[in-house]
Each structure stands twice: as C-alpha cells, then as structure tokens.
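*Asks:* Supplied in structure tokens, the structure appears directly below.
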C-alpha cells in the first residue's frame, strides 16, 4: 500500500443548527484501495461523503489531498481535487445522450461551439474502457439502472477522478449486475483509483474491501483491514453491542403443534420433491446457495407457483393452495425477496401498503386503525401513516411489509431474506418482531443467505441443494460449517 494517503479527513465536524451530524470524524484512504464505510442509518456516512464532495461545507476540521491541505467548499473544489461522488439517486439528465452526460460541464468547444463529434469519440473511449454494452449516442433514459451507474463512473473517469465515492451502489441492482459492478470496481482499484464504498451489506464488504471504517452516532469508531475483518467485531463497532445480542433468541417456548407440514412438494422443475415441518412458535431456517430453489419452494407454499405434486398440511389438515388469496385465507403471509418489485407499492401511502392484504376482509374505515396499530407495534419511523412508501428508509420499508402480514393475524409467516438491504439497527428490530411473533405461536419459515442470521435465529434449519432438501440441522449442529457442507452438496454434516 502506498505510504502517502491520497485522502485524509481530520477531525471533521458538521453542524445543522445546534445538531451535530459529524463530531470530529477522521478518515484516511490510500491510492489503489477499496475502502468501505459502514454504520447504521444516521451514523453520518453520507454526510461525511457530502462534505468530501463539496455538497456540504464542514463546520470544522481539515481535508488533505496527497498530504497537502485542500479547501473543499463547493462541488467544483472537489472535482478539481479529483473527487467524484456517485449518489444513490443518479445525477443524470435522462433526455440527453450518454456522451452529453459524460461531458456535462466540461464540453469540448471551439469558437463557442460544442464539438459534438469529438465529444462522442472521447465519450466512447471511456465507455469502451469500462467494457460497457451501450453507445455514446444512446439516450440515458433508454439505459438500465446498472448502465446509468456505468455512465456516472464513465463521467468520473472523463474528469480524471482519483477518488470515487459510491453510496449504496448495489441497492437497485440484480445479483448479476452487482457482480459486474464488483469486477469494474476491482479493475479501477488495480489502475490506481481510490474507491470509498458506503454499504451495510456484510457480504459485499467482505468481497470488495481492503479496509473498513465504521461510524457510529456521527463519530469515528475505528478501522479494520481485510485480514482482520470479522462480522462480530464490525457489528459491535456499528451498534456498540455484540452480534449475539442482536438475535435475542431466548424464547423458551414449549414444543408446539405441527403448524406447517410440507410433504414431497414439487413443481417438476426448480423444486424437486421437498418436505419440511414448522411448528407453532418456532423459527425454521431455510438455507442454501443462490439458485438452490429456496424462494421457489416458498412460492409453491404460498400459491405463487403451481405445484405438480406433493401435499401441504396446515394445523394437521390437508389444504390445497392455488393462489396467494387462498394462502392468505388460511393465515399464511409471505414477505418476498425483492420488496420493490414484488411487494412494495412505492407511490402509495404507508397505510395502504400495510393494509393491502386485509382490505378485502376488513372495512376500509378500519384500515387507519390497523395501520396505526402496526406502525406502533413494529416501531416504523414515519411522520404519519399517509407518507409515501417510496420516501422511507430500507429498514422502515421492510418493517412496513412485515406489518402487512402481521395485520392478517397469521398462523404461518414465510420470510424470504427478511433483513436484506437494511442496516444493523433495522435488522435488530426485525429480529425482535420475529421473536415476538414466534412467542405468540406463529410458525415462521425464514429464508436467508446470511449464515450468522440463520444460525442466530433458527430453532431448526433445512438446507437446499440444487432444488432438493439436502439435510436438516438441529441444536448444536446448526453451524455455518455444517450448513455450507450441505449447501455445496458435500453431504457429511450430521443433523
């Protein structure tokens, strides 16, 4: 690692009136480094980066570039220092071409006229350097979110940026798009760029980061190198308590009756004949690698996918589920994996999202009471129930969707990646909600790709491999090692 930091932020404070969002924060970043910045919502990550990018002016503190003090009061100052911030919400002009967006503010001109042909040539060179699949002449509005993100990165390269800041860049990307972004980030790092990466997704941080710095309550807590990365320590740094405290699994519930019993359920394709049991008051984990068939099995139970064989029992009675409505009528709720595409209505009010599953059953005049009660029970942070769902944080959106199923008075909850895309504080609250529902006798089937979550929350774990249940784990046998052994098809774990 280069001994001279490309960036040092020393004792940075930022006040909004009497409230201090940043309280003497330090951050050091080196050339050719992927540096993750972590912390709960409200920890100060985005505020610190906006100070760096000139969107905010620091109340006090200093910034050094290549070891020399550099005053950043405006975005122009930041650009002159080689700093580019890519926000969560793209800062692009959709009606303009890719080339025009890349060159915006630095257009080639001669005699007062923009040299469009040369602008296209220069923009295409940058696009080709990224390996992007679009052209400089394409309109930005025709591109996918991932491609628009590449345009933002291309603009940074066009400006000869040396420090690239990305704020939650994978929030709206598919797994394939995320993989491509990671490949690009690693390539840029190898070319000498310093990349600051704001994320709360542990898997991404482990895959990308050379170092991780953590903020909590507007203060710098510390940094860990790649060699010292540890999920438990990161969580402790972010929330001030150990990872084990997040799960709070001490439910002490006696063995309940078989609430959900699935026998040899299959769709003849993605899901081979699969059986599992979830008892009243228990949380059962469903683990496996991406593509193993976990989500598809949950969709079969909920009636989203058509079963070609097998049987489902609810409270000991055989049931036939052809549709989600039939599942809901049986007291089954389903939190989908992708809340923004399959579950959440972003333009609708929080109250309408919460009562979506109960409107056919309850009078509309009851909706306000139902939503108000759910907001209090799940501690959803909204100014009022009519606020637009799309304006809420990821954690509050997820709690809102969980509350939709709490509102139906469920017997069974199917939760597919219940804490995906939320910060550690929101995770802790979702775990609290799950434990409370289990104490009330709800049977919960939880799909998760986060092994600490599976181990920490589950009373029993089923592991899927290539569309089939590869094994079942109980008690002390629920370990990350045993789960991965089953998930990868090496079937020597003991249940």
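Every residue, even glycine, has its Cβ placed from backbone N, Cα and C.
So Swiss-Prot says this about it:
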type	residues	note
DOMAIN	7-242	domain 'ABC transporter 1'
BINDING	39, 40, 41, 42, 43, 44, 45, 46	ATP binding site
DOMAIN	250-491	domain 'ABC transporter 2'
*Asks:* Around the ATP site formed by 39, 40, 41, 42, 43, 44, 45, 46, which additional residues qualify by having Cβ within 8 Å of the site's Cβ center?
*Replies:* 47, 215, 423
*Asks:* Which has the fewest other Cβ atoms within 10 Å: 39, 42, 44, the binding-site residues listed?
*Replies:* 42
*Asks:* Check residue 43 (ATP binding site) against DSSP and tell me helix, strand or coil, would you?
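*Replies:* DSSP assigns residue 43 (ATP binding site) to coil.
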*Asks:* Pick from 41, 43: which of these binding-site residues has the biggest number of other Cβ atoms within 10 Å of its Cβ?
*Replies:* 43
*Asks:* Determine the most Cβ-crowded residue among the binding-site residues 40, 45, 46, using a 10 Å radius around each Cβ and all protein chains in the structure.
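*Replies:* Per the Cβ count within 10 Å, the most buried is 45.
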*Asks:* So what's the mean pLDDT when you look at the domain 'ABC transporter 2' (250-491)?
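*Replies:* Computed over the domain 'ABC transporter 2' (250-491), the mean pLDDT is 85 on the 0 to 100 scale.
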